[in-house]
Amino acid sequence: MARGRIRAKLRRSSLYTFGCYRPHPSDTERPHEIQGPGYSRMVYCNKPHLHETKPLRYCSNYISTTKYNIITFLPKAIFEQFRRVANLYFLLAAILSFSPVSPFSAYSMVAPLVFVVGLSMAKEALEDWRRFMQDMKVNLRKASIHKRDGIFGNRPWMKIRVGDVVKVEKDHFFPADLLLLSSSYEDGICYVETMNLDGETNLKVKRALEVTLPVDDDVTFKEFSATIRCEDPNSNLYTFVGNLEYDRQLYPLDPSQILLRDSKLRNTAYVYGVVIFTGHDSKVMQNATKSPSKRSRIEKQMDKIIYILFTVLVFISLISSIGFGVKTKNEMPHWWYLQAPDDKDLYNPDKPVVSGIFHLVTALILYGYLIPISLYVSIEVVKVLQALFINQDIRMYDEETGTPAQARTSNLNEELGQVDTILSDKTGTLTCNQMDFLKCSIAGKAYGTSACDVELAAAKQMAMDLNGQNKNGAPNSWEKGGKEFGESEIELEKVVTSKDENGRKPTIKGFSFEDGCLMNGTWLKEPNVDVILLFFRILSLCHTAIPELNVETGNFTYEAESPDEGAFLVAAREFGFEFCKRTQSSIFVRERYPSFQNPIEREFKVLNLLDFTSKRKRMSVIVRGEDGQIFLLCKGADSIIFDRLSRNGRMYEEVTTTHLNEYGEVGLRTLALAYKKLDEAEYSAWNEEFSKVKTSIGGDREEMLEQLADSMERDLILVGATAVEDKLQKGVPQCIDKLAQAGLKIWVLTGDKMETAINIGYACSLLRQGMKQICITTVNLDTVDKNSKEDVKENILMQITNALQTVNLEKDPHAAFALIIDGKTLTYVLEDDMKHQFLNLAVGCASVICCRVSPKQKALVTRLVKEGTGKTTLAIGDGANDVGMIQEADIGVGISGCEGMQAVMASDFSIAQFRFLERLLVVHGHWCYKRIAQMICYFFYKNIAFGLTIFYFEAFTGFSGQSVYVDWYMLLFNVVLTSLPVISLGVFEQDVDSEVCLQFPALYQQGPKNLFFNWCRIFGWMGNGLYTSLVIFFLNIIIFYDQAFRAGGQTADMTAVGTVMFTCIIWAVNCQIALIMSHFTWIQHFLVWASIATWYIFLLVYGSISPVFSEYAFKILIEVLAPAPIYWITTLLVTVACILPYLAHISFRRSFNPMDHHIIREIKYYKKDVEDQHMWSRERSKARQKTKIGFTVRVDAKIRQLRGRLQKKYSSLATHNVIPLTETKHS
C-alpha cells in the first residue's frame, strides 16, 4: 500500500464484546516468565542479518516435500531398489557371474540388472522432480519485505528470514509465522481465514499490541527495533508464549497476535508483521510429517511370492547340488573324457562335498530365471503409463480452473482399486465455502419454493412407478387416491419444471431464494407485515460486516466474518433492506418500505453489540431506531433461542420447529431470529452495569460480561428462522452415492463445529431422515474440571458400550446408525485402552462424522482405521490441516483448489474436485487393480514355465550345470520376447468399459475382496506354469530323444532341442496372454504376434552371424529346423497341449460359475443392453452394494414414506366408501 494512504477510521475492536477484548491499560498482564528448555528462541526484529550465524542460525523459509535431493538421491534410490529381495538376489548373481562357477557369461547377468535398476531410478527421479517443481511454485511466491530505510520490496518466500518485517495485503497468504505489529485499521485489528489450517470457515479476529500500533506505515520501520523471546518451534497451532521487548519495556504475547503461515488475510487492507518462525519451523510445517514411502498391498504380497519362489529356487538348487556331489563321487571317475579333477578343482571325485558346494552356486545362478528380473521394471513401466492415462483423462479435467487429475506417484495405482474406507475433510473438499439463502420461516409461515433434490427424485421415481404400473395394465392399489396423490405429492416436480420452463433470473451469489410472496415488495400484502419487517431488519442490522461499494456494478458487497452473515446481508438487500454504511456508532440501511419503489435511507444507532462465539452460539445487537425505540435483535441456534423466549413470544414456536426440522432434514443450516423491545429505563440500568464491568479489572470480568449478556438476552419474542444452504461442490452427493453403492465406507473428519458437520452430512446424504444418530460427547466443560480423567473416560466408555449394544441388537433391516463424535472426546477415545471399542462401534455404523478435530487427530483416526481394520484407507483433503491424514492413509488424495498447495504436495494423487474421486476409484482403480494383478500372475506363470525346463534338463544330464538354451535366448526372453505383450496387458486391459464401471459400481468390490490376487489364484497360476514346463520339456524330449528329424537322417543335438523347446515356450506364453486379454485393440494384436515373429527374426539373424559368435546355432533356423516338418508339428502340438487346461477352465467358469463382469460382457456382446432395457436396468440395480448411505438410499426412504402416506389415504378412502353402503343395506 502506498505511503501516506488514509487508514480505516473505524475502530473495529468496538464491535466485539467477547471476541477481541483488549485489556485495560491498568490491567495489562505481566510479562511471561520465560526460561529453561523449550523457550530459547530470540528474534531481533528488523535485523534479520543477526540470525545468519550460530547460535541464532535458524532454518530458511525454503520448504521441501521431496523424497530426495542431489546428495541423497543416489544412495537413497539405490537402497530403495535393493530393498526388493529380487533385485538383491540378482545383484549377488551378477557379482558371482564373474567367477568361474557361473554357467552364463557376465554380460548376460549384469546388463539386465543395470537396465532394470536404472529404469526404476529414472522413474523415481522424474516423479521427485515433479514434486520439486510444485514446491518451487510455493517457494517462489512473492512477499513485500522491508529492505532498508523504510523501503519495501518484493522477495521470494524462500528468501524470507527470521526478523524480517513483512507487509501482507488483503487476500494474500502469510509467508511465515508472524507477530502482528499493526494493520490498516486504527486499533490494529485484522481478520484471518484459517480454513487451510483447521477447516473453519469463520474468520478469526487478531489484534496487535497497543504499543506497536504507531508503526503503521512503510516509513515508520526505518528506525524500528525490538526483541522477541519466545517458545521454540512446536506443532501446537493454538498456543503461543513469548515476550516482546520494545522501548525498554516487556510486553506479553499470546496467540491473538500470531499470524500463522498459510492462513489468509481477509477483510483487512494490509498488515505489518515480523517473522518469528520460517520454513519447517513454522507451526503448519511442524504438523506435517516426512513424506512416507508407501507400498501397495499387491507389491507387499508380491514380495511374499518372491520369497516362495526363492525357497523353491534354493530347494531345487540343493537337489541339484546333492545330485552333482553324488555323481562326482560315484560316476565321475569312470568318465575319462572329463579329466577329473579339473584345473580349478570345481569337480573333484576326492572332494565331492566341495564340488557340491561349488555346484550349488552354479545352480542358484542357473535357475535364477524362476525369479522374474524384469517383473519390477515392467510394473514400473506399466504404472507410469497408467498414471499417464489418469493424467490425460478428459473426464477428470476441471474446465473452470484448467486443472487435470495428476498421479503424483505411480506406485499406488492398483491400490486405488482396493479402497475400503474413505476419510474426507469437509470444508473445501465436500463444500465450496459458499452459503446461499434458500428458505425461511416468518411468523409461522414457510417461504421458499425451491424443492430439494431428494424430494424431487423421490417424487419422480414414484411417478415413474405409477406410470409403469398403468402402462403394464397392472391393478393400481392407489388408483382411487391417484388424483389426490398426483396433485399433492408429485407437485414438487411441477414446481421445479415450471421454473425451468419460465426461465430463471440471473443467479445472485449467496441468494437462491424463490417465492413471489416476499419478492419485489409483495410481502407488504402478507397478513403479518410487522413481523416480516422485523425479520428483514434483523437480517440487515444484526452483524459485524462492512459494506464496500462496487463501482462497476453499483451494488454493495460485504466483508463479513462468516459466509452465513454475508448470505443474510445479500438476502436482506434482495428483499429491499440494503445495508449501505457503517460508522463507529451507526448502521445505515436503505429500506424499500413503506414503498418498494422509493427507498429511504434510515439510520440505526448501535448501542451495544454482543458478538457471536462458539460457546454462546448466538449474536445480539441493541439498536435505537429513528423513532427512538430501542430493540434487541438476536439470531442464533434454535435450541439457544427457544430457551430464551418469553411466554408471549412462543406464538410461532411449534410451527417454526416443524419448519426447522424439515430444513435440517434436507441439509440446510438453520438459525432462529428473535427480538425484544426495551424501554429506556430498563436499558439504561443494564448498560450502566455492563459498561462498569467492561472497564473493570479482575479475573472474573469475562464471566460477569457473559452473565450480563445472558440476562439481557431473555424474554425474547420469536420472529422466524432462516435456512441457508452450505453449497456443496458440484456432483458431491452423486459421487458419494456411487461410492456407497461400490461398497466404500465414508468418514468425514472436519475442524468445523458439530451442527455444521451434521448439516453437511444431510446435504451430501451421509445422514438421512430416520437414521439413528449416536453422539459420543464428554460431559459439560464445567464438570470436566472437577472430575478426574478416569471418570470422564469411564463415562465415554459407557456411551460407546451402550451404543454398540444398541447397534448389535437392531433387527430392522432398513435401520441405519450414524456415529458423531467431537475432537475433545476423541482425545480420550484414541488412547490405547479405548480405541478398539470405538473402532468396533464406528465399523458397525453406516456413516461416521468427527467434528472439531485437530490435524493430528485426523492423522490418528486415519491410522486407527488403517491398522485396526487392516484394510486400505484413502484420505482426501485440500488444506494444510489435512496433510497428516493424507500422509498417514494408504492413499492420499489432494484437492487442488484455491486454498494453498500443501495437501496436493503431500498427496499421492491430486484432483480438482471431489466428484472426480468417483472416476478415479470406480474406473481407474478397478482397471489398474485387475491389470496389475493379472500381469503379476502371468509373469510368475511364464517364468516358472521357462525356469523349470532348465532344471529338468540339468537333472536329465546328470546335474551337469549345463543349460539347454543359448545365453542370448535367455537374455532376450524377459527383456524382448515376452515383455511387450505383458506391458500391453497392464496398460490397455479392460474387463468392461468405463461407462459400465460407473453403471455397475459393485464391480469395484472385486478389488477390496482381492478376487484376482488371492493365494488360490496365485497358486493356480503357479500350477499352470508347472504344468506348462512339464508338457514342453517331456513332449520335446520324447519326440526328439532318438528320432531322426532332418531329411539326412540326423538326430537333434542339444542346441536344436533347446531351440525347439524355446520356440514352444514363446508360442505357449504368448497364446496364454492372448487368452487372458478380454479387451483387444490393434496394439495388443500387434505386440503379441510381433513378439512371436521377433523370435523367428532373431533366429534368422543370429544364425546368419559367424560361428565365432553364434557357435552351435549357426544357420539353426534355415538349415536345421525350418526344413523339418516335425519342428512345426511339435510347436503346434505342444502349444495346444499347454493352453488346453486354461481354455477348459475359463469355459467351465463362464458357463457354470460366471463372475459379474462375465455376465455384463455377455449382455453387451449380444446387445441386450439396447434391445432389452428392462433386463439391463434390473442387472444394474443388482450391481449395487447394499448400503445405508447415499442419495439413492435417501430416495428409497422417501419413497417408503410416501407409499406409507398413500396407503393410509387409500385405507381411509376405502373406509369412507364402505360404511355408507353398509348403512344403506341395513336400512
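Yeah, the Cβs are placed from backbone N, Cα and C, and that goes for glycine too.
Automatic, uncurated: that is what TrEMBL annotation is.
On a predicted model such as this, the values are computed, not experimentally measured, just so you know.
According to TrEMBL, the feature domain 'P-type ATPase N-terminal' maps to 43-109. The transmembrane segment annotation in TrEMBL covers 85-101, 107-126, 305-326, 357-379, 939-956, 968-988, 1018-1041, 1056-1077, 1086-1105, 1125-1144. Residues or ranges marked as ATP binding site in TrEMBL: D425, K426, T427, E565, F612, K635, R669, T750, G751, D752, R852, K858, N881, D882. For D425, T427, D878, D882, the entry in TrEMBL reads Mg(2+) binding site. The active site, 4-aspartylphosphate intermediate feature in TrEMBL is assigned to D425. Marked as domain 'P-type ATPase C-terminal' by TrEMBL: 904-1154.
Listed by sequence, the residues of this chain that lie at least six past the ends of the transmembrane segment (1056-1077) yet keep a Cβ under 8 A from its Cβ atoms are 934, 938, 941-942, 945-946, 949, 953, 963-966, 969, 973, 977-978, 981-982, 985, 989, 1028, 1032-1033, 1035-1037, 1040, 1045, 1084, 1088-1089, 1091-1092, 1095, 1099, 1113, 1116-1117, 1120-1121, 1127, 1130-1131, 1134-1135, 1138-1139, 1142-1143, 1146. At the 8 Å Cβ threshold, with sequence separation of at least 6, the transmembrane segment (305-326) comes into contact with the transmembrane segment (85-101) through 3 or more pairs. Recorded stretches compared: 357-379, 939-956, 968-988, 1018-1041; the one with the most Cβ pairs under 8 Å to the transmembrane segment (1086-1105) is 968-988.
In this chain, the transmembrane segment (968-988) lies in contact with the transmembrane segment (107-126); the count of Cβ pairs under 8 Å, excluding pairs fewer than 6 apart in sequence, is at least 3. Close to R852 (ATP binding site) in the fold, though at least 6 residues off in sequence, lie T750, G751, D752, K753, M754, D822, G823, K824, each with a CB less than 8 Å from its CB. Sequence-remote contacts of a segment are chain residues at least 6 beyond its ends whose Cβ falls under 8 Å from one of its Cβ atoms, and for the transmembrane segment (939-956) they are 305, 309, 316, 319-320, 323, 363, 366-372, 375, 378, 962-965, 973-974, 978, 982, 1018, 1021-1022, 1024-1026, 1028-1030, 1032-1034, 1037, 1058, 1061, 1065, 1068-1069, 1072, 1138. Between the alpha carbons (Cα) of T427 (ATP binding site) and D878 (Mg(2+) binding site) lies a span of roughly 8 Å. Residues in the domain 'P-type ATPase N-terminal' (43-109) partition by DSSP class (helix H, G, I; strand E, B; coil) as 30 helix, 3 strand, 34 coil. A Cβ distance under 8 Å defines the sequence-distant neighbours of the transmembrane segment (85-101), meaning residues of its chain 6+ beyond its ends; these are 108-110, 112-113, 116-117, 303, 306-307, 310, 344, 346, 358-359, 361-362, 364-365, 368, 371-373, 375-376.
Per-residue pLDDT, averaged over the domain 'P-type ATPase N-terminal' (43-109), rounds to 82. Ranked by how many other Cβ atoms sit within 10 Å of their Cβ, the binding-site residues T427, N881 place T427 at the bottom. Counting in whole angstrom, F612 (ATP binding site) lies 27 from D878 (Mg(2+) binding site) by their C-alpha atoms. Cα spacing between D425 (ATP binding site) and D882 (Mg(2+) binding site): 7 Å, rounded to the nearest whole number. Counting every protein chain shown, 24 other Cβ atoms lie within 10 Å of the Cβ of F612 (ATP binding site).
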